[in-house]
Each structure stands twice: as structure tokens, then as C-alpha cells.
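Annotation comment: TrEMBL describes 1-26 as region 'Disordered'. If you look up TrEMBL, you'll see 97-483 marked as domain 'Myosin motor'. TrEMBL lists GLY196, GLU197, SER198, GLY199, ALA200, GLY201, LYS202, THR203 with the feature ATP binding site.
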Amino acid sequence: MEAKAGGKKGGAPGGPPGAPGAPKAKAKLERKYSLVELGDYLVGSNVWVREKQREDLYALAKVVSIAGTSLNVEVEGVSKTVQQEECLNANVGFSPESCNDLSKLPHANEAAALHIIRERYLRDIIYTYAGRLLIALNPFKAIAGLYEPAAITRYQNADTSRGFPAELPPHTFAVAQCAMDLMRLARENQSCVVSGESGAGKTETARQLMQYFASDKEGSRGSRVQDIILGANPVLEAVGNAKTLRNNNSSRFGRFVKLEVAPTGGIHGGLINNYMLELSRIEFQGQGERNYHIFYQMIKGLTAEEKASCELKQATEYEFLNKSGCYEVETVNDLQEFADVRQQLDLILSKEEQLAYFKALSAVLLCGNIKFNNVQAMGTDKAAKLQNEGDFDKIASLFGAKKNTLLEALTINTVEVRGNIIKSPLSAEQALVMCRSMAKEVYSVLFDFIVESFNSKISFDHENKVWIGVGSKEPGCEFWTFK
């Protein structure tokens, strides 16, 4: 993560370097990658040796002797010969607990950085600075006292005039406080960008930042706008998050939230921007994964009357849900989370609007059950014919559309040539693609509708007021091994 101010650059007087009256060229200080240089002084010292078979990639080795460009080393009691380019310098006498900033290591290389981060993580120290960046590791557990109100107070009173407060350990709260102080002093917009692979904890980190911005140093109670902004998280996670193999609450969309933050804390306005929603998940999920949380939540959480109005079935009856073989998540209570969603929806939508929204979601699920076959019609033997009339009747009713008009849009290709309308049938395969594409497009519109509904309640003059942005990048990168 990084809190960055957008500064202004001014032009420099004079001509090119070396010309009369031109400013002197400034020496550029560069940090070199810390590779091992050969010398007798290495004998008896430690170096990092790359070992691809190890999970941690590098092993600490003791240099026994040097022969040309080869080093004879001892790794965990085993002697071996390695080449110079396989070795990296090791830092001596550095305590991982006290090394809060990787940029201050004498020897900067990936082995040294990984060692420090790993050892801190094993001690439940999950945050480490790397210059102006904060590295955060997901502990997959609660760490006592890390986010309590007293911790917020400590960072609110910290000195950030020289960057991250040296007297306090690395923390998301330090990033947030730096952003607030820079915004107040420079009167410029600030941004905190959260990035990482899937399961790294981006959603939780963004939530921590927003919680910090919402904390008023003077103890004033939060406004209704602030309550709505913070309350948007459960709803956005319901419609935009899903269970993957690596993360039970994986965000499948990107968002950037602009916040009007008071100098002493407290959110007075906001604007949510969303992008890159993973629409393919509507139609397909890998084995052991789930579709978006909202589908499972509403199947469990709607009242019997609402389910009847929405023509809702069991999760096992929907093709968009039953292919992955996963309906439950051990650490997720869909019923309780849906109660939280309904509570927040009450702030932005009427009961009638909520029911219409759930009807549209139900129709999206039914689209996965629609089937077509090929028949002879309109001069071709590959004209799509609807197989399950009953489910399609429900879709049209839930969407509030005319059945014949909707069916024609999915099965007939219509073009206009020189004022003449020409209609030709689509095949069963093409009609199926059209139906499922419609489901994904409708879901995209429903997602945007929720975002716009929140924005209508929290908007502020972001063009003329300074703000702090909290950005979660698009779904994190994922690495898979294929056989």
C-alpha cells in the first residue's frame, strides 16, 4: 500500500547540463542489488544460496572455501558447491523484530527481504515497511490488540512529518494517518492503493483503512453518511465477492472509494467507483468454488412469501450454482450475513425496490436452466426452439418483460438493410449463448444499480473538495499448477 501526494513540478532555468548558467547535475543515489563479490574475506561468513526445491527458496549457508567462481559451502550440515551467481549477501546481526523497514537493510536482495518478512510473520508481526510501501501479510487469524481503539488513538497522535512514524510499529493505521496529514497540509488529494494476489487480505485491509478514517480524534459521533459508507461493505461484498479455492470471501471486482475526511477524522461524504466485475463467474465456477454470495444468502434468508414472489428454488436446482459442488462455506453464515445486507439495503432502497431487485437476481439464476434444441424452421434445420417454457415464463414475469418479445430477442437475429428488416433464426447453441450473456449483462446492471444507490445517499463535491481515495485493485492474481 502507498499513500501518495500528487505534487506539482516546476520548470528549471538554464540550458542543458554543462552549458553556461545551467544548474549543476545532481548526483543520483541508486541502491544496488546486493550480490556476493568473491574474496578471501568471505570464508567463514554466511551467504544466501538459492535452492529451488525449498518452499522458502533460499537457504543460509556458511562459506568454507573459494575456488575460482565456485564457493564450497555448508548448508544445514551438508557440504555442496555453488556458483557465485547463485549466492546473495546475508545481513549479520539484524533482529527481524526490530527491522521495521526493508529499505534500511545493508544488503538488499530478495533472500534477505523474504527472511525478515517470514520471521516477523512467525512472530505475529504482519506489517513491514519497504520505503513508502507497507507490506501486509494475511495472518488468517485474529491478533489481539492490533486494531483496538487504543491502537487507533496511538497513530492519531503520531508524528508523520517525516513519513511513517518511527516510534510506532508498521501498520495500516500509519498509512491512513500519513494520508490524512498530507491532505490537510498540502490540500491535495491522497490515495491508498491496496494490491496483492487473491487471498492476500485486500478486502480486509481496505476495510481497516476506512474504519480508521471514520474514527474522529475528538470523539464525535459518526454521521448518517458515514454509517451508510461503512455499511456499503456488506452489500458490495454480497454482490461482488465469492468463495474461491484460496479465499472464502474473495473480491471479484475492483473499487476506488473517494472519501471526504475531516482533519481530525470522520467521513462526511463519499463516492464509490467500481470496475472489472468478474461476470464469467455467473455462468461458471471451478470445483469447490461458489457463485456470488448474494445468491446463497437470498435462498436462505428471504421469507417464504418473498421466495414465492421471486419464484425461488433450492440452490441445487440451479445450473449456475450446482456445477461446482459447493453450496456451504465453513466459516460463512449466509443467513446472518443476509440479515446484515437487508439492514443496509433498508438505508438506500424501499421494500418494493428490494423485492424487485431480488426478483431480477432470481431471473438471472433461472437463465442458467434455459435449454434450446434445433428444429427446422424459416428455411433452416438449425433454428432454436425453447425447451422449458415454464422457466422462461417465470424469467419474463420476473423481469417484467413480454415473453414473446424476450424470446425473439434471444432466438432471432434482426438486421436492417436499406430500410428492409431481415430476420433469421439463431441456432440452439447461439440462443444459449445469448441467454447466458443476457444473464451476465443483467447482473452487471444490478451491481451498478447498488453502487449508484449508495452514491445517491453519500455524494459530495469531489471536484472541488480534497479527498482520500481507498482503492482495491481488481481480483488478485492467482497461480495454478496444471498437470
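Note that Cβ sites are derived from N, Cα and C of the backbone, with glycine treated the same way.
Caution: TrEMBL annotation is automatic and unverified by curators.
All chains included, 18 other C-beta atoms sit within 10 angstroms of the C-beta of ALA200 (ATP binding site). Confidence annotation: the domain 'Myosin motor' (97-483) carries a mean pLDDT of 93 in the model. Ranking the binding-site residues GLU197, SER198, LYS202 by other CB atoms within 10 A of the CB puts GLU197 at the bottom. The Cβ neighbour count for GLY196 (ATP binding site), using a 10 Å radius and every protein chain shown, is 18.
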